[in-house]
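Student: The structure is given below, and queries will be raised subsequently.
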Amino acid sequence: VGLVLSLRVFPGVCEQQELTGVLDDCFCDVESIDVFNNFKIYPRIKKLTERDYFRYYRVNLKRPCPFWPDDGHCSIKDCHVEPCPESKVPVGIKSGNYNKVSVSISLKHFSSCFSNQSKEAFADWARHDDAQDHFCELDDETSPDADYVDLLLNPERFTGYKGPSAWRVWNSIYEENCFKPRSVYRPLNPLAPSRGEGFYTWLEGLCLEKRVFYRLISGLHSSINIHLCADYLLDEGWGRSVWGPNLQEFRRRFDTAETKGEGTRRLKNLYFLYLIELRALYKVAPYFERAFVNLYTGNTQEDGATKDLLLQVFNEIKAFPMHFDEKSMFAGHKMEAKTLKEEFRLHFKNISRIMDCVGCSKCRLWGKLQTQGLGTALKILFSEKEIKNLPEHSPSKGFQLTRQEIVALMNGFGRLSTSIHQLHNFRLLLKENR
């Protein structure tokens, strides 16, 4: 039985506007993604992101906004992020040696298995500056302002952060970073009024790469909005907060009538983003499948179980028949393609810097993590040749991922998987409330 989110349950929505069928710019349909995600991927990715290796994320939430005067952090208590005492962080994660390399490897094991020449190559690889491949502005993990955060104890949810500050962040992301030509005067922000079909005529006239960029940002925005609607502060009293799905808020953001037709487009962009990150995981699987790669926390039994679970996720992804084909991206004239790819990277890197302007600390945490996750996915998709040439039994400086990138990649995809799962829950609630 397909788990398609039928928007026909919204009042006044005609059948043609339901979220179903083939997505634009790819050959996969919504129904197939629903079944695949909700039955195959979501249960496994949820377990994976609860493992110690993936639950601790090091982040600097005190970096100043580089684009406008900081208007101060949100004073709402639910905006607060509780940093994790280093005594609680597994020893293999907090050790400086293990944060600087791609996938943490026990140095004792490493010393017994590799020659001196290999060890020197490994050290060189660990120091290698691959900034030209980054799609995100990375936090300095050595900064005294960087803290470990236990993601399970600081869940993404609606904190009450809204208004001009939140609007300015999203508006800057859309208006300044989505390849908008001067001739287009309508605001790109999907929450802005007076969009009209003329906007989409312009969007469809863009080259695939620029159209994809807009859809990625829109998909990320939609996913975050679903998380906020699904984990909303419903009641607060006598020291006990009640969190749960807010159907009215979901309708306000995604109902076709209330959004003047925007809702379905927003949700389709979420599915499109899901396919992009799914494709990146498919491409990077060989990197993790090598026997010497160990998701190191210091607990051998925990580490083995975590890698087994990660490989299960990769096996499910490999079996999915309808992946996004990124070969058509940047496939034109060599110099033009190179220029466009660099422009693509710099636009996205700028978006990662805007995340330091989010006033709510919890929103900033999850915004930075999901942006870094998507940036890591893009880095993978544009490194296919380097990944194919990875040596089987030793590290390589041709392609590498830091632990931060790995944690962001899997948690970012986990958030998209959760969004699609939550859409099914909203579908059931909408049926009950008809």
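Glycine is no exception: its Cβ is also placed from the backbone N, Cα and C atoms.
OK, TrEMBL features for this one:
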DISULFID  C74-C79  disulfide bond
DISULFID  C113-C136  disulfide bond
BINDING   R157, T159, W170, S218, H221, R253  FAD binding site
ACT_SITE  C360  active site, nucleophile
DISULFID  C360-C363  disulfide bond
ACT_SITE  C363  active site
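Looking at the shown structure, can you explain where the listed features end up?
Tutor: Every protein chain considered, the tally of other Cβ atoms within 10 Å of the Cβ of C79 (disulfide bond) stands at 19.
Shown in sequence order, F348, K349, S352, T371, Q372, G375, T376 are the residues of the chain, 6+ apart in sequence, with a C-beta less than 8 angstroms from the C-beta of C136 (disulfide bond).
Counting every protein chain shown, 19 other Cβ atoms lie within 10 Å of the Cβ of R157 (FAD binding site).
When Cβ atoms from all protein chains are considered, those within 10 Å of C360 (active site, nucleophile) total 24, not counting its own.
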Student: What's the CA-CA gap between S218 (FAD binding site) and C363 (disulfide bond) in angstrom, rounded?
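Tutor: Approximately 17 Å lies between the Cα of S218 (FAD binding site) and that of C363 (disulfide bond).
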Student: Which recorded positions are spatial neighbours of C363 (disulfide bond) here, meaning Cα within 10 Å, out of C79, R157, T159, W170, H221, R253?
Tutor: C79, R157, T159
Student: Across all the protein chains here, work out how many other Cβ atoms are within 10 Å of the Cβ of C363 (disulfide bond).
Tutor: 25
Student: Out of T159, S218, which of the binding-site residues has the smallest number of neighbouring Cβ atoms within 10 Å?
Tutor: T159
